[in-house]
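Here is the structure we will look at.
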Amino acid sequence: MTTPRLRHRRGRLVAAVSGLAVTALTVALAVPAAAAGSTLQAAAGESGRYFGTAIAANRLSDSTYSTIANREFNMVTAENEMKMDATEPNQNQFSYGNADRIVNWARSNGKQVRGHALAWHSQQPGWMQNMSGTSLRNAMLNHVTQVATYYRGKIHTWDVVNEAFADGSSGGRRDSNLQRTGNDWIEAAFRAARAADPGAKLCYNDYNTDNWSHAKTQGVYNMVRDFKSRGVPIDCVGFQAHFNSGNPVPSNYDVTLRNFAALGVDVQITELDIEGSGSSQAQQYQGVVQACLSVARCTGITVWGVRDSDSWRASGTPLLFDGSGNKKAAYTSVLNQLNAGGTTTPTQNPTSPNPTPSPTTSTPPPTGGGSCTATYSEGQKWNDRFNGTVTIRANSNISGWQSTVTVRSPQKIIATWNGSPTWDSSGNVMTMRPSGSGALSAGQTTSFGFTVQHGGNWTWPSVTCSAS
Ligand code: 9MR
């Protein structure tokens, strides 16, 4: 990627960061200046995030490898050992030897584990590859249930389903034996995983979903939105993030992460590697970290291996340590960016026309419901989006509240803070509930905020409140 392009991207990121000014301010005030973290896990931990790596069981006996892995990372993904072919080599005979070596190493060193992956069209055991129909569906669900039950309580996040969307312009599902069991196979897998390990976060994980304008990204986004609206138990979306010159870090990466997060899921960067070297590679890594840090619900980053020589793309030298275990420029830029933070100190204001709402649009009056009142107030405006705040006022003592925010097409709410949102199927009506207790005494107020991507429509959202 060229330097001018990166400059442009940094500008966009700063603009996006400023879009979360309220959150940013809160973070800046709440967190005293911390000592710089000297490892990736310490630096990521300053903002409550994790920093992970893929681990291969057969490399743990290499002390250079395990020393770096132990020092730098606090989240571990088994690179191959928890896949379907590894854990169920014969139908209904489960094999956890290598997976356990990784889980035990992680846990005995105080690390958490991302489980990868319960259901996938690839790396299926031979017996499964030629199955179809109900018997395949049942075998897949049995696999999800057995493996998630075996590891119950030990897994931070499961990649429940991996890579189920097609590349290219269709935005649809990838054809596979699992897909041919019926379009509901993904949600069935999520429900089985939730039942087996209610404490694990459940992720959908895919690649080439980093660029917001790609059809595949939109396809996954629509699925997650649908799942959230129908109560399918999904908690997070994993972005694999395998980059190279043919598939560079997109300039709108932060937009993608933020838009998914606005659906009410966490986002995680799950398999990061960037082919290249020197300062170009370092800058791209920095951009990815910055994008994650700019999104409150981007909860962690995992790189796909320790040293370049451990990578599935070793010849592309895509990782943070060279083959001898030395820190690369990319390592330093990631560490520095983690220490600098991403949501606290925007260095410049975004250029914006700062328009006022068009005179033909009406400002809805505050509306009350039950014994609370919701009032909308304008926040900062940019040429493509604006911030709004809703203040909830209790008219009498209330034990809880919920508030709806309705935006008009083509408007879209792309970020929220201080609340827990759900969405109707159109995506135009957000119901916001308090993140913690919603109890307020008479006269007390609380507020939440959001960013609207307005698409040229400056109409204020209408808001309601109902109390319980
Ligand atoms: O890094 C993994 C490599 O060792 C395996 O041979 C390969 C087999 O499919 O899987 C690699 O990991 C993949 C991950 O499980 C899913 N996303 C893409 C990763 C790179 O291919």
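Glycine is no exception: its Cβ is also placed from the backbone N, Cα and C atoms.
Remember, predicted model here, so these are calculated numbers, not experimental data.
According to TrEMBL, the protein carries these features:
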ACT_SITE  GLU271  active site, nucleophile
COMPBIAS  352-367  compositional bias 'Pro residues'
DOMAIN    34-337  domain 'GH10'
DOMAIN    365-468  domain 'CBM2'
REGION    339-378  region 'Disordered'
- What does DSSP give as the helix, strand and coil breakdown of the domain 'CBM2' (365-468)? 0 helix, 61 strand, 43 coil
- Set of same-chain residues at least 6 away whose C-beta sits under 8 angstroms from GLU271 (active site, nucleophile): ALA54, THR77, TYR207, GLY238, GLN240, ALA241, HIS242, THR302, VAL303, TRP304
- Task: Return one of helix, strand or coil for the residue listed as 'active site, nucleophile', based on DSSP.
- Result: strand
